[in-house]
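According to Swiss-Prot, the protein carries these features:
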ACT_SITE  396  active site, proton donor
BINDING   71, 73, 158, 179  Zn(2+) 1 binding site
BINDING   75, 76, 179, 418  Zn(2+) 2 binding site
CROSSLNK  462  SUMO cross-link
CROSSLNK  465  SUMO cross-link
CROSSLNK  545  SUMO cross-link
MOD_RES   2  N-acetylserine
MOD_RES   659  phosphoserine
MOD_RES   681  phosphothreonine
């Protein structure tokens with residue numbers, strides 16, 4: 001049995017190449033109806049070089065039609081320059097405007113601070129620059145279509161420009177949340193709840209079943225911890241990524257310093273080589289933020305800070321006395337945050353505040369277990385004496401937000417991604433418990449590992465829409481509509497041939513068929529035989545040659561020693577032409593047909609000639625006063641008060657009321673009419 005073509009298959013396949021029971025290198029492959037989509041293309045922050053990539057070797061990049069990037073974090077877009085520049089991928093790539101603006105600078109910083117050799121680097125600054133030309137942008141709620149795949153995006157919260165993508169293929173809808181947050185903060189709106197319910201929801205599970213502390217309590221704890229560190233004469237290190245949570249923390253610290261004059265002499269530094277560029281982007285895209293920021297921008301730009309200075313590198317830093325430094329990267333694998341941590345970790349007055357989610361295998365995750373010593377990038381062992389606090393400002397949903405989001409959408413299938421194995425398992429169990437006794441809502445929860453496929457079946461109805469000329473009149477019950485079925489991507493239309501050029505790129509062409517058939521018999525005999533078959537033969541002259549129109553579409557022209565058939569090719573006309581050809585060949589090859597022709601099929605009898613001569617003939621038989629003409633097609637004969645009416649076209653006789661029993665009158669009139677007809681149309 002042959003395999004079903006991918007385009008006709010009802011199987012939908014979802015396979016994580018990254019972020020399957022892990023956090024990092026998000027990359028989800030979606031396959032349905034012969035279309036392939038990649039959702040995000042990130043790197044693993046705890047790994048280096050090729051090891052940090054998703055399992056791209058399991059796919060053929062040339063087969064991917066569409067690549068959608070949810071936001072600018074490295075674990076969601078860090079492998080994109082490599083994928084666009086170093087593979088056979090030829091599809092189209094989309095992200096929001098803000099994501100594209102920040103992607104450029106964030107990955108530039110990643111290239112510069114990566115602590116690996118040039119040979120192990122996945123891509124260069126040049127690759128990154130060239131990848132920009134291959135990335136297209138999409139506005140929130142703007143519907144686009146690529147290769148029959150419709151998609152649009154919603155605000156996801158999380159970071160500036162973060163998007164959730166709704167994808168529709170052949171009527172099946174899938175929502176990919178990426179990283180999202182349902183809690184509005186100081187500058188970002190909460191993630192939207194789409195008004196369209198998806199069939200499949202691919203959702204992050206970073207925090208599993210944890211419940212976040214309230215925003216006000218978290219901010220107060222953060223500010224108090226920073227205050228305590230500088231009060232004891234220490235230096236506060238807050239490792240963050242250059243963009244994202246950093247801007248939220250800067251807004252909090254700037255406001256806190258403003259309200260505490262005693263802190264005005266203690267500097268706050270935003271230490272990133274991208275500091276100025278990043279802030280310029282944030283100052284540009286305020287319209288993508290929440291209402292509070294949009295209103296405030298009319299008075300002053302909240303991202304122009306009063307108490308925070310930019311620090312490009314350690315060369316510009318006077319490390320004297322207490323200070324607060326926000327430095328990238330967030331997990332301290334390399335860069336400024338790692339340098340400062342190694343410099344300050346041996347002094348118990350100093351403190352580090354981990355303010356975001358930390359991936360396994362990173363220094364930030366390691367120090368949260370409070371080890372007695374750490375290993376520097378040069379391999380030296382140092383005692384860890386500085387205080388370590390974890391206050392999560394990570395803008396991911398907690399269990400309450402996740403479960404409410406699922407409850408609002410009620411998708412039949414939920415696919416969990418972007419979560420550590422145990423957290424994901426706990427979330428899956430909690431969601432199953434929530435819906436196991438609910439008879440109205442049935443939700444299947446899946447948590448695939450990396451490279452493990454989830455296969456779902458969706459049997460969509462095929463509906464064809466009648467358009468154009470065929471749709472001008474409302475059809476009646478039982479009416480047959482005939483047209484051309486046009487399939488474009490996953491839409492079917494029935495069109496009249498004359499509408500093809502209006503609704504498609506197809507050109508309308510006609511093929512005129514001509515066929516010559518040997519024929520030496522009488523042409524009027526052929527006319528007679530075709531008339532017996534069809535009941536409707538029109539006699540014509542074409543270029544002074546006798547011709548017939550049969551079935552209204554087949555023309556038969558007499559030529560010396562043959563007849564020529566002409567018709568416009570289509571399935572019905574071709575069938576009619578085959579029938580006419582069969583009749584011609586039968587008449588030509590069978591002499592009995594000519595001998596057995598009882599009907600005299602000469603030239604077509606002129607009706608008015610026949611009528612006049614029959615009238616004279618009947619007057620000779622019955623008397624001049626007994627015969628009269630009615631309506632040009634009826635001859636009436638009255639004898640001894642009995643009347644017989646002769647139909648000139650059919651040569652049949654009907655007797656009027658009271659004359660039915662006079663069979664002799666009817667027979668005499670009918671016989672006279674038939675004899676005259678045969679005399680006027682002799683057999684050749």
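Quick reminder: no glycine exception, Cβ is built from N, Cα and C everywhere.
Mapped onto three states, the DSSP output places residue 545 (SUMO cross-link) in strand.
Close to residue 418 (Zn(2+) 2 binding site) in the fold, though at least 6 residues off in sequence, lie 19, 23, 26, 179, 204, 205, 206, each with a CB less than 8 Å from its CB. Ranking the recorded positions 76, 462 by how many other Cβ atoms lie within 10 angstroms of each Cβ puts 462 at the bottom. For residue 545 (SUMO cross-link), the same-chain residues that are 6 or more apart in sequence and have a Cβ closer than 8 Å to its Cβ are 557, 558, 559.
Long-range Cβ neighbours of residue 75 (Zn(2+) 2 binding site) (same chain, at least 6 residues apart, Cβ-Cβ under 8 Å): 19, 23, 24, 25, 26, 42, 43, 44, 45, 359.
Look at residue 76 (Zn(2+) 2 binding site): DSSP puts it in a helix. Per Cα geometry, 71 is the residue among the recorded positions 71, 73, 396 nearest to residue 681 (phosphothreonine). The record gives 71, 73, 158, 179 for Zn(2+) 1. Within 8 Å of the mean position of their Cβ atoms, the other Cβ atoms in that chain belong to 70, 72, 76, 156, 159, 162, 178, 180, 244, 395.
Residue 396 (active site, proton donor) has a Cβ environment of 25 other Cβ atoms inside 10 Å.
Spatially, by CA atoms, the recorded positions 396, 462, 465 include one closest to residue 71 (Zn(2+) 1 binding site), and that is 396.
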